[in-house]
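Per TrEMBL, the features are:
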type     : residues : note
DOMAIN   : 30-224   : domain 'G-protein coupled receptors family 1 profile'
TRANSMEM : 26-51    : transmembrane segment
TRANSMEM : 63-83    : transmembrane segment
TRANSMEM : 112-136  : transmembrane segment
TRANSMEM : 164-185  : transmembrane segment
TRANSMEM : 205-227  : transmembrane segment
């Protein structure tokens, strides 16, 4: 957790900070929790959209319910911070008063909370993404396109499948790389054998590890934009306040959502525009 720290020679300036320090301490945790939970929800949504395409239906009501649930879970996970957060002060010799928020835990409670965070924000999301994306990759790679004889269409399908699989692997790998050091450090600090004195670089190490975890939220849009041409186009269309233009290909045959350098073959999607999806329907006419 990044705690706010203020400096001033006038203590009266901190009245507002004094009253809001508990609330301020919880906001970063809620933001990070919502980001991780949303990654898990996206993995589940992709799984159902591709494995069970006829059952996957996204409506405005469902979307609002999912987003509300994500934020409720994020708030619930971080509620204990409201209880343990307290304000600390230090008066320096030059008259500058330093005020910051800190967490005061009972050791047993801190051990339980650290374990819960590890399971909820790391173990479960990682396992869900690994299983979902593995099944998706296997499904996409094995899917054939009955009824399509044109070699060029088959080549486009294979190319798009490889792009989707690549994006899934990159998203999961980035999550693992960004958050593993943070949770390993937290587990070690809570349950490991600590030296009597921290090494001089320890504060910098904690900051870098935390910054790496936070950077995961910033990397995901870059991943989507780098791999998915449709994401870039849809983002630009949304920026210009225009509707996305989509053309349907063979509505009675296998429906495939692809990227094409000259024409948009993407028809429709049950997910947000940033998702690249390939769907092969087995109900095509022979």
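Numbers here mean position along the shown chain, with the first residue as 1.
Note that Cβ sites are derived from N, Cα and C of the backbone, with glycine treated the same way.
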Same-chain residue ranges lying at least 6 outside the transmembrane segment (112-136) that approach it to Cβ under 8 Å: 32-33, 36-37, 39-40, 43-44, 46-47, 50-51, 77, 80, 105, 164-165, 168-169, 171-172, 175-176, 179-180, 183, 186-187, 190
Chain residues in Cβ proximity to the transmembrane segment (63-83) (below 8 Å; excluding those fewer than six residues from its ends, i.e. six or more beyond): 1, 22-23, 25-26, 29-31, 33-34, 37-38, 41, 103, 109, 113, 116-117, 120-121
Per-residue pLDDT averaged over the domain 'G-protein coupled receptors family 1 profile' (30-224), given as an integer: 84
